[in-house]
Amino acid sequence: MSEHGQTSDLELLTFRVADQEYSLDIMSVREIRGWTRTTPMPHAPDYMRGVINLRGTVLPVMDLARRLNLPSQETNDRNVIIVVKMNGTLTGLLVDAVSDIVAITEDDLQIPPDISSDPQLSVVRALTVIDDRMIRVLDLAAVVPSRSDEAA
Amino acid sequence: MSDQNDPMAEIRASFFIECEELLEALQDGLQELDDGSEDPETINVVFRAVHSIKGGAGAFGLETLVRFAHRYETVLDEVRNGSLHPDSEAMKLFFLAADQLSDLVRASRDDTPLPEETSEELLGRLDALLGDEGGSEEVEPADFTPMGLSLSLDLPDLDAGPALNRITVRFKPEQELFATGNEPQMLLRNLAALGEAKIRCDMSDLPLLPDLAPETPYLQWIVELETEASEPEIRDIFEFVDGLCEIEISGGEEDSAPLAESAPPPPAPPPEVPKPAAVSPPVAAPTGSAPVASPPAAPAAAAVADKDGEGDGRKGATAAKSVVRVDLERIERLVNLVGELVINQAMLSQSLDEAGLSPHSDAMNGLEEFQRLTRDIQDSVMMIRAQPVKSLFQRMSRIVRESSAAVEKDVRLVTEGEATEVDKTVIERLSDPLTHMIRNAVDHGLETAEKRLAAGKSKAGTVTLTAAHRSGRVIIEVADDGAGINRPRVQEIAVNKGLISPDVQLSDSEIDNLLFLPGFSTASKVSNLSGRGVGMDVVKTAIQSLGGRISINSEPGKGTTFSISLPLTLAVLDGMVVNVAGETLVLPLNVVVETLSLGPDDVQMLRPGAYVVRVRGGFVPLYDLGVMLGYRSSRKTGEGSIVLLISLEDGSRAALVIDGIQDQRQVVIKGLDDSFYRAPGIAAATILGDGQIALILDPADIIAGMGHIRGSDFMFSERMTANE
Amino acid sequence: MGLTVLAVDDSRTMRDMIRMALAPAGFTVHLAEDGVHGIEVLEGISPDAIITDINMPRMDGFGFIDAVRDQDAHRATPILVLTTESAPELKMRARNAGATGWIVKPFDPAKLVKALHMVAG
């Protein structure tokens, strides 16, 4: 895994959502697949795009822009669904496009300033700068809600 | 990973599976005894079940289990040999002990703490049944030495010290020795294997040939042994023939008798000497009715089988059925594959259809055959997963025992249809809701003994648990012969808890259904069983998640019956595929009573937002499925709309407006991951021929979502209450 | 040494254990679920030794031994009885029925192997 004896602490998958750059720990990413029509779920929260057929299983897909309270874009063929695994279940995250995979160390991560009023930031675990671009590292557990969270 | 390769772990797992079967047989047997069975085989089965559990448990060093089983078995043995006649109290104790045994088995299996206190108490009571002389007989520790994990041969230790003993063994077999399949030659060989041996045969007793009785042994052997083995080790060799021969072991003394260098082959078991009785021609059967002698090998089996009195073959049939154990995962895989096959076939069917082939073309005929085969395969695969509800019912009989004891009521459980087969997953997931229903029946359904007697009923209440197949579904009923639902009281509670408005008029059935409302609990006082915040709403949710429905039927003074209707399998569904607002949806076919096309005067507005449709004189609430599911905001209730009339087993009905009917077909049910969102009114999903997902509706949930009270005040809810 | 053994026990666990104890030691193991089944199996094989449980449905161990001894072909076949009880009277009953020896359950695989070699070679 390590190159030149230097270990990178983590690899990030970076992607664009509503013209902003975000990233996820690559370890939680299972696959990336092209956009396909979702079947809407009745009365679902607006960030729930619906479900798709992922090789015979039903995959719930979340519109990440809506989830992050960003203006939702029209979906087009370039959109992709990042399939992530969280607490043993698979979820699809609809994003504009995937950019890159970057390797960084924990030292490159900065704790975001505490602006708790910003709901967007509560799902951002850390910030990092790559090629002068600020990239938000998402806290997947906060992005993908669990039913118990809602019940509580 | 090591678990998979460890044969002991495998056998251990298989032992616990066998234990479940044995515990089931134990329950059955006890029940038969309790019902007054006189068949001696019944107690034998009971005894053997406990005995076999003990045997296996010993092999795995499960000492607590062995100890309990042993003492339980000791008491059962007394029953078996007729010296103990269990009264009803003793039978109750036997049931409790069986429950405890089953707890111990499961605790041992799951490696959870063993419920030892109960064990001690029960063992004390079991021992008491034995009377004074019985006492508590402890298992000899040697009896449960765990079987070693190593399979290496326990060969004599060759490196032991050089201390050689010179031992002389004189061995004279008696006639009985040969009847047991023991062989002098073998014994001598084993003896010789202990060291340097000189064996000679003493033939001095051998009579002259004419006097020789063929079955009488005349020979004896003298073995001089130079060995490291001790005398007990030598005695061990003769353990099996102890009492069947003369044996003398002396330390190193020379025998004066003349020696022969090596033994002649001993006159091995009276060779193939024809046994006079066995081959003598059958005595002429004078009556002529006696059966002709059969070939020699067969009658032995037949004769003994008859001797054991099991000629009826009842038990025999079950034992002889050959069974293959299959890893559940493999079946799951098969089920999934067949599911894919069904989807694939649907896709193929769709593309052939789109290609515009004639329905009489070879391809279409072939497809039809393909569909038939697919369905047959699917049914067969589902059969593999089916198992009788018996194990579930047995668990329930325990629940009845425990819960009736807790509330001090005398309750009899009657079960019917134990052989009814249901998908294994359904059975597993029925356990909790059924437990709750049984507890409810015992706690709330049945009256106290005094009240029963006052009402002219028998002192003991009866809970009846039945299972049956009815029109492609499984119906499970829990019935009690109690006082019936106290409807005024139920309504009062519902009003007090703000679940309904005080002035609403409800039918009996509507009142009964209030029990299923979240937050409803009839317990006016907290008993040992209730008061845990689990209501019938939880039961209902559990049943619905299985694709089932639950309904109530209660008659004042006579009792209450809860009926659960379940699909035979969780894997496929006969569905009606419909279009609503551009989406494809599937409704379970069995709820669709009929399809209607709205005429000009069919729809009546009850008040703004609430419509009814007239169906043969009656009025049924009308809803636009597209609006209900949030797919569109404006209602389509006009003339010419297509309407599905759906009806549930509890009698509730609704008319659903849809845009069109696509098809009726079998769909493969795909579970929805509801870990962060559960859509109201949606039971599951399926994959259509074009690869798209269609949602499968849950009609009961849809109707429930329309508001709790129907008929008189069905407010149309624009948005179904999501969090119920 | 390649001995052939018939093991009769109604407990699947016990049958599994017997097979596991004997197969690695080079035995060919045939299994039967009870006495009746054992007799049926015997029609097709000629084992060097037989192991049988006592408590079994349909035909118990005593009945089974009886039936085996009634057959000329198996009059001298060594039969070991598996018993959880070390009770002497059970051993005596088994012997009177024609059993060659006994093994107390739970058995040590090595002991079982050894006992079989002792009676059957």
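Just so it is clear, glycine is given a Cβ too, placed from its N, Cα and C backbone atoms.
The phosphohistidine annotation in TrEMBL covers B:His51. The DSSP secondary structure for B:His51 (phosphohistidine) is helix. Just so you know, the Cβ of B:His51 (phosphohistidine) picks up 25 other Cβ atoms within 10 Å once every protein chain is counted.
TrEMBL lists B:253-319 with the feature region 'Disordered'.
Residues or ranges marked as compositional bias 'Low complexity' in TrEMBL: B:275-292.
Residues annotated as domain 'CheW-like' in TrEMBL: B:572-708.
Under DSSP, the residues of the domain 'CheW-like' (B:572-708) split into helix, strand and coil as follows: 14 helix, 72 strand, 51 coil. The average pLDDT computed for the domain 'CheW-like' (B:572-708) is 80.
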